[in-house]
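Peer 1: Per Swiss-Prot, the features are:
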TOPO_DOM  1-213  topological domain 'Cytoplasmic'
TRANSMEM  214-234  transmembrane segment
TOPO_DOM  235-246  topological domain 'Extracellular'
TRANSMEM  247-267  transmembrane segment
TOPO_DOM  268-279  topological domain 'Cytoplasmic'
TRANSMEM  280-300  transmembrane segment
TOPO_DOM  301-312  topological domain 'Extracellular'
TRANSMEM  313-334  transmembrane segment
TOPO_DOM  335-348  topological domain 'Cytoplasmic'
TRANSMEM  349-369  transmembrane segment
MOTIF     395-400  motif 'Selectivity filter'
TRANSMEM  410-430  transmembrane segment
TOPO_DOM  431-503  topological domain 'Cytoplasmic'
Amino acid sequence: MELLPPRGRAPPDSSLDSASLTSLDSSVFCSEGEGEPLALGDSFTVNVGGSRFVLSQQALSCFPHTRLGKLAVVVASCRRRGALAAVPSPLELCDDANPVDNEYFFDRSSQAFRYVLHYYRTGRLHVMEQLCALSFLQEIQYWGIDELSIDSCCRDRYFRRKELSETLDFKKDTEDQESQHESEQDFSQGRCPTIRQKLWNILEKPGSCTAARIFGVISIIFVAVSIVNMALMSAELSWLDPQLLEILEYVCISWFTGEFVLRFLCVRDRCRFLRKVPNIIDLLAILPFYITLLVESLSGSQTTQELENVGRIVQVLRLLRALRMLKLGRHSTGLRSLGMTITQCYEEVGLLLLFLSVGISIFSTVEYFAEQSIPDTTFTSVPCAWWWATTSMTTVGYGDIRPDTTTGKIVAFMCILSGILVLALPIAIINDRFSACYFTLKLKEAAVRQREALKKLTKNIATDSYISVNLRDVYARSIMEMLRLKGRERASTRSSGGDDFWF
């Protein structure tokens, strides 16, 4: 198909990719009737990213709510009034205009615009493979096209890619992390800035230096010892000295308290520090111990009934010590990925709970009425059947409650089978999301490590002129490490059946 250049202009560069244009109907451009093109009064030229297209106002009038449809109306109004300054002006819809040649300029992607032209021809929008979903969405939104206009053959793949791109928006997360990192590391204000900065690096960057790595290992050991000690304190073993366990508990709490206080003293914005989830977890890990001491010290003059109530409060507070396990999230990428996955998959988790609730309600009721007439049945009530249905649908099957009749066994078989099918659907989505979050965090950690190494190397070169290091090789190694992690991510996604997510 031949594109008609405007008068006084050279024809478009033949190097442009015209293969995709050959499939476009000529009605989008200047209509060709009996070998004679329409007069230029019925058309105008748009220049998108350096590529020029002559469009028909009649074809664009079918889409009045799009940007080009509005531009066609404005251009027609300008011609009738004979002035570019008509209200509204074409400059409100384009980046620049040439009224002499009737040409309007758009600083947008010419490659994406070819799909927009195809939409004007057929009324259907297809997703281009070369751009990411969010970039393509920005383009069609600029041209005033709703993403719901995407054809059914591309709609499912597009929305899956869009969801994954929004979830793993690496650039935005990196910028937020860097801005937060810079705000917390502003040690120029306050006392002892050098000491605070070094102490902060040891506390928050386990891989920054040898002291930081040693501190990270010791912190993990204290968390593990504290958890084991908490378990041993609940067991009445004759060979264990309770006083020794209490001393060990005091030592662990002292370490956790000192670690939290040092972090609190190092930061500049302490209110923001207390609002962060890892710091809230650290605070909840040590507060029950001190609250327990306070309650026990104030209960000396209480009556017997009040002492029993205080004892219940103390037991509840001691249960909160299990939150110390979450402190390992500072040192474990997997735990952080799990937290991100639960946060991002709340809809899938809610859907999973809904499916389980419906199945448990139905099968427990049917099983109860099928087994209630049997002597010495274990299905004594519907709540007991709830427990049986829960263990059956989750394929745990403790065996403490089991059916005896043939009808009950058939219902149990249907319950187990439905549980397998119900759990398989959301868990597959959650598993894919967890894998994506895990490898994204790995990429971020690798990027942070390489950035810190480059900064340190550059600083050493600036201070010592005898050091000879090829920064290009260092940068190449960092890129290769991130590509290796990205390759593992793609392989994991491909093995889980998520090939369509990557492009």
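Even glycines carry a Cβ here, placed using N, Cα and C.
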Peer 1: Helix, strand, coil: count each for the residues of the topological domain 'Extracellular' (235-246), based on DSSP.
Peer 2: 5 helix, 0 strand, 7 coil
Peer 1: For the transmembrane segment (349-369), find every same-chain residue at least 6 residues outside the stretch whose CB is under 8 Å from a CB in it, and list them.
Peer 2: 342, 379, 381-382, 384-386, 388-390, 392-394, 403, 408, 411-412, 414-415, 418-419, 422-423, 425-427, 430
Peer 1: Based on DSSP, tally up the residues of the motif 'Selectivity filter' (395-400) by helix, strand and coil.
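Peer 2: Secondary-structure breakdown of the motif 'Selectivity filter' (395-400): 0 helix, 0 strand, 6 coil.
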Peer 1: Mean pLDDT for the motif 'Selectivity filter' (395-400), rounded to an integer?
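Peer 2: The average pLDDT of the model in the motif 'Selectivity filter' (395-400) works out to 84.
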Peer 1: Within the topological domain 'Cytoplasmic' (268-279), how many residues are helix, strand or coil going by DSSP?
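Peer 2: Summed over the topological domain 'Cytoplasmic' (268-279), the classes give 9 helix, 0 strand, 3 coil.
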